[in-house]
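The transmembrane segment feature in TrEMBL is assigned to A:37-63, A:75-94, A:123-140, A:160-180, A:192-215, A:235-253, A:273-295, A:315-333, A:367-386, A:398-415, A:422-443, A:449-470 (among others).
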Amino acid sequence: MSVALQLGIIVGYLLLALAVGLVAYRTTDRTAEDFYLASRSVGTVVLLFTTFATLLSAFTFFAGPNIAYREGPEWVLVMGLMDGIVFAILWYVVGYKQWLLGRRYEYVTLGEMLGDRFGSRRLRGLVAGISLLWLFPYVMLQQVGAGTALQALTDGAVPYAVGAGLITAFMILYVVVAGFRGIAWTDTLQGAFMLVTTWIALAWVLAAVGGPGAATAALEAEAADHLALGGDFYTVQWMLSTAITIGFGVAMFPQVNQRFFAAGSEAVLKRSFALWPLLCVLLFVPSFLLGAWARGLDVAIAEGENVLPAVLAEYTPVWFAALVIAGAMAAMMSSSDSMLLSGSSYFTRDLYRPFVEGSVSERREDLLARLGVVGFATAAFVGSLVQPATLFELGDAAFSGFAQLALPVLVALYWRRTTRAGITAGILASQAFYLSSLFTAVVPSAYGGWTAGLVGMGLGLVVTVGVSAVTTPAADERRAIYFDGLGAD
Amino acid sequence: MARLVLWGWIVVAIGLCALTVPWFLWGDATVVAGIPLWLWWHVGWMGLAALVFRLFARRAWGLGIESGEGSSDGSTPPNAGVDPGGERR
């Protein structure tokens, strides 16, 4: 009964999304700028929720509450700092500046913006290449998550490969048809839906167990140290390292960074900026508290099973649990949709066009963009068949990998004397450092409790500034374009 | 003056980041109304941050970004609202 119901809800959701996508398709111009950015016309609610929904990957509903269950609810603080404060500040510092530049010079990607300023096709390709290097495993991770979830949901009736394949096929269809506008619309519906259902879930569970006081008392009896702030797992260094690297990493994630170009007006950016902290509290507090409280409640959680679905199954009706799980799976998919679209734009605009086929018509670029989506998704699907790894490890590596780009980009945006040699060296040095810390024993992964991701960011900053200071700008750099004549109107 | 305002806001931003996690409650397990005190602090702080962001968006938006604020080396005279001609592609 519950399996059929869950599948029914998931299929129903997919059909609804497809309907939204078709409406979006009808209002779409056949140009790459419209496909990628909805012609820079997005309003406050849609921009806020589409950015938010792309952040809500499998992590918020599965991995995050699992950690809160095992280690305590301090994750709320880490998420609040990274997404509600650090990212909100970057929303202004990086986002508003990028929006102004994107509107004036018609940039669609980060690589394009940097390549234009530094007069370097190679820098443009480098930024896109590095971004794809981190994006690809992250998309794959979402497919692994979806395949695993479908398999678990159906008790193996839908095998992992079939589940991941079906989801991939649907995503390709959806992204190719709907483009950015359709994705943003479904993200908005879905973000609002998840926010509401998470609170209903919390209310339902609390009503069943006798309120927050009783739930916390049960947690105290089971694991008293979870209530105290900090512990062996949540050290000061670890919390700060995680919040800072992920916060900066988010701003450089292609699907988030590209949204900086998509806002319809300055007012849209202003309004969304002030709403970030509130949205983060509204979502992360209930979902992580549910995970943390589950520890003290009488919920049997098997090894490797996700906490939130088990809690819902125990305390809420079958249809409601199915609705939330379907929503969480949809969240995974919406993250992937946006990533596919951005990945494809980085590939076609910053790698294919500059290096393979120079001048293309708008119609042809639009076609290339859609083909790019198919190629990227298929490759990630193949990856998901051969290379499974745990959600958290891969996800964390991707965020820290993107974080390495943030400080060289910030220096370039705000310091006129940044040179092409400086930013290139800064990006290469920090990437080399962080990749080495992941894959070799030569570079340690922790420094007195601080992570290699954070240390790598510092290295990128020092190298960018240092090399810029000792080199002279190349003749074709356009040093003034990030500074002169910038204004909203 | 503009420089002073800019630095003032930078200090505010750092302050907001610094106390999102109530470090002064480290190791504290006080529970108020069923929720740890440190989580109440966090919720309140995020509300405060939203208010401060709103104030910034109303009063100081554009600070450090729009021309006239950040361009100080005088190589090209900043002139807000005028396209630096010929550079648009």
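Each Cβ is built from the backbone N, Cα and C atoms, and glycine gets one as well.
Counting Cβ pairs closer than 8 Å to the transmembrane segment (A:422-443), the top stretch among A:37-63, A:273-295, A:315-333, A:398-415 is A:398-415.
Below 8 angstroms of C-beta separation, residues 29, 31, 83, 102-103, 108, 141-142, 145, 179-181, 183-185, 187-188, 190-192, 194, 250, 253, 255-256, 258-259, 261-264, 267-269, 271-272, 275-276, 279, 283-284, 287, 306, 308, 324, 328, 331-332, 334-335, 338-339, 391-392, 395 of the same chain, each at least six residues beyond the ends of the transmembrane segment (A:37-63), sit close to that stretch. In this chain, the transmembrane segment (A:123-140) does not touch the transmembrane segment (A:315-333); fewer than three CB pairs sit within less than 8 A of each other, excluding pairs fewer than 6 residues apart. With respect to Cβ pairs under 8 Å, the transmembrane segment (A:235-253) is most closely packed against A:398-415, considering the stretches A:273-295, A:367-386, A:398-415, A:449-470. Touching of the transmembrane segment (A:273-295) and the transmembrane segment (A:449-470) is ruled out by the presence of fewer than three CB pairs under 8 A, sequence neighbours closer than 6 excluded. In terms of C-beta pairs under 8 Å, the stretch of A:75-94, A:160-180, A:192-215, A:367-386, A:398-415 lying closest in packing to the transmembrane segment (A:449-470) is A:398-415. Comparing A:160-180, A:367-386, A:398-415 for CB pairs under 8 angstroms to the transmembrane segment (A:75-94), the maximum falls on A:398-415.
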